[in-house]
């Protein structure tokens, strides 16, 4: 299938996308696209590889799910992926995780990727209301109510609520995953949503009662207590649950008939209470932890409390810090839910008060925890006089412990350094060695803390159970249950001890349940599709469970070794390997040490280190320690340890009844697990698988290798193997037609069935059309051989078409071949078009170049002619201009001659005229002067005559006469000047 897009295995990345270059027998040459950065933003590097097909299932490489455009297909429900396998799941999850879509469906199961950041928009009030309305209150009468909704954890809680209300079936939600995957947070989200659903119902007035509100508040606050006493910081998670818990939310479910008569669409469910069951608390963390880890949160919260509170609880806490107690150790401050240890102390104290632990009871409770802390400060030394005996060398710390327990220090020293041994009817104290005394001290501390934890759980159940707190408890025949299981995921470390065996045993039991549920869902799917389900083989872990819990299994032989005198771990391993040597899941390697053995679990092989198995399984405290506890004035220590010891010694059929009565830890855990499985088997089970996308706890980044390992440990891959056991690949009718219709002779419009298929209408006629297309493509090759049997290569359901292993690959090969033929034809036309286009462009370019050259040459010639014409014109103009210049010069000379000639003529004429004018002026002036003089003479004569008459007035007008004479002189002078001017003008 040359050119096909596939996945290949890679040691670093798990799976990588690749493209097949060629295949030759059992090998395939591929181009692998290797990422060059952790964020995938840079272009991947292409690497050529040769792949052995024999290393892959069906000797074929898993196909990539890509669309017609070559893009990776992303599905909200991974059952809709055409090719469903490990690589397809990984890359679908990776695509959604990078888009900040942490939830993905696989049928009824939800896979939750921890985004390592709080996505507020996913948990808003609108989202809670949306899922409650669509799935619960306004759900359609038929069909999947989740249709049209994106995958979300709210759908799991809403479906559980609906299943309880509508069908009256108890519900359980199993949440699993490794540390740091978000299990605890997921359970809290589910609980809050189930509690909030009540207020969203049409009958919310029912839930406003103070009593009910108080119960709901206590239920939700119980998480804070469980986290404080059962959670700790690990290398993988800052708030890791170090125990398993099974929370049973109790609902008062209204009778369906009553709800129908009242006109309700859905019966009302009232959250009435809850019961917590816990499993396998990690007691070893109380007395020791890695340097990068912490012990349980409650210890740090006590030390972070206000000084006055610490002093009131116990004087030894005054001024104490983490480093003051060896069990606690010094560590950096830690924020949990953005709260410090001091703030968490307030939260824990309030939560304890909410369940009735306050006042003197609170002080007693906290002193018991201080006792555990103080036990770690007790140090031992060998007795100088006898190396086989031990003494306590930290007397000050011993006195403080005696003050806490209110017992004599000698009694404490005796209980920690000796052990009572009974032989016959006599009892004597046997001295303990140094290491044995330390183990005794640690065992006492672990037992006290374990009983504190059990006590707090018991009190919580008393304060939150519906039987004790719900007002209408007497009226309820049976409470409906929505149970939440927050269980530790499958574990496989470099060194696996007794705790890992118990954890993996629990996961084997849950995997068996999950396998059966998955097979049941496959049956339902095939029935819905009207396909006959043939005999299907699927992975079964029954042999592993027989190996662990069988009559001669690991637990039975371990219990036997615990009661045998001088029983030890190596003998236990030897017996287990010998008795179960025929079990294929029991492995004993040649290089294994005498205390090592391995079990082939569903998620992989795990090698166990059996050292301390016998000791941890026995888990009994000596009678000396029990007597010491009974002497204590702290009732929590004295009463609870005595009751626990009585419970261990009591037979299951008699004595004081208490949860999980058994002799050994393994037997007790097996009984608890059996009860748990019986409880779950009575419910409709839903699954949530939490995945930690990367060890660094960084947002928007997915490590394919670790994610694949978690999917394997979560049983997701084995469940897929079951769902695809008969028909590994499947396609919706419309997807099949879109992808393969062109291979068939039938064409669109030839058959009405095809139109219905294209419209997405799945019915018998469309089913017939799809089957017709399949047969047309397959021809006579309609069967395949699997394990020597001839089986039908496909099955056509109502909405999907199913294929046996390798059949879809054949379809893809035929599709690739057909597309290759069409592509070659398209390439031919495309190349012809491109060449013609190129020729036309070249031709147009040549013509343009030619035109440019011609224009250039013509222009060049034109410019030369133009320049020549200009030169000739210039020469001609010069000749004409020269002639004109000569003519103008002659004209100018003649003009000058004329000017001077005329000037001479006019000057002579002017001279004559001026002389004549002067003469005329003289004559005129003479005439005028004479006339004036004559007039003056006459005037003088008249004046003379008058003078005689005016002689008397002569003196008075003398001056006037003189003035007149002067004026006359001036006038004469002016007249003379005037005449002179006229003469000058005439001349």
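Backbone N, Cα and C define each Cβ position, glycine as well.
Features as listed in TrEMBL:
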BINDING   177, 178, 179, 180, 181, 182, 183, 184  ATP binding site
DOMAIN    73-816  domain 'Myosin motor'
REGION    673-695  region 'Actin-binding'
Report task. Take the Cβ of residue 180 (ATP binding site) and count every other Cβ within 10 Å, whichever protein chain it belongs to. Result -> 21
Report task. Write out the long-range same-chain contacts of residue 178 (ATP binding site), meaning residues 6 or more apart in sequence whose Cβ is under 8 Å from its Cβ. Result -> 236, 489, 490, 491, 692, 710, 713
Report task. Provide the three-state DSSP residue tally for the region 'Actin-binding' (673-695): helix first, then strand, then coil. Result -> 9 helix, 8 strand, 6 coil
Report summary line: Counting other C-beta atoms within 10 angstroms, the emptiest spot among the binding-site residues 177, 182 is 182
Query raised in the report: Near the Cβ of residue 181 (ATP binding site), how many other Cβ atoms are there if near means within 10 Å?
Result: 24
**Report entry** Number of other Cβ atoms within 10 Å of the Cβ of residue 179 (ATP binding site) across all protein chains
**Finding:** 18
Requested in this report: Could you name the residues, excluding 177, 178, 179, 180, 181, 182, 183, 184, of the same chain that surround the ATP site, i.e. Cβ within 8 Å of the Cβ centre of those residues, in sequence order?
Outcome: 114, 237, 240, 489, 690, 692
Requested in this report: Mind telling me which of the binding-site residues 183, 184 has the densest Cβ neighbourhood, counting other Cβ atoms within 10 Å?
Outcome: 183
**Report entry** Confidence summary for the domain 'Myosin motor' (73-816), mean pLDDT rounded
**Finding:** 85
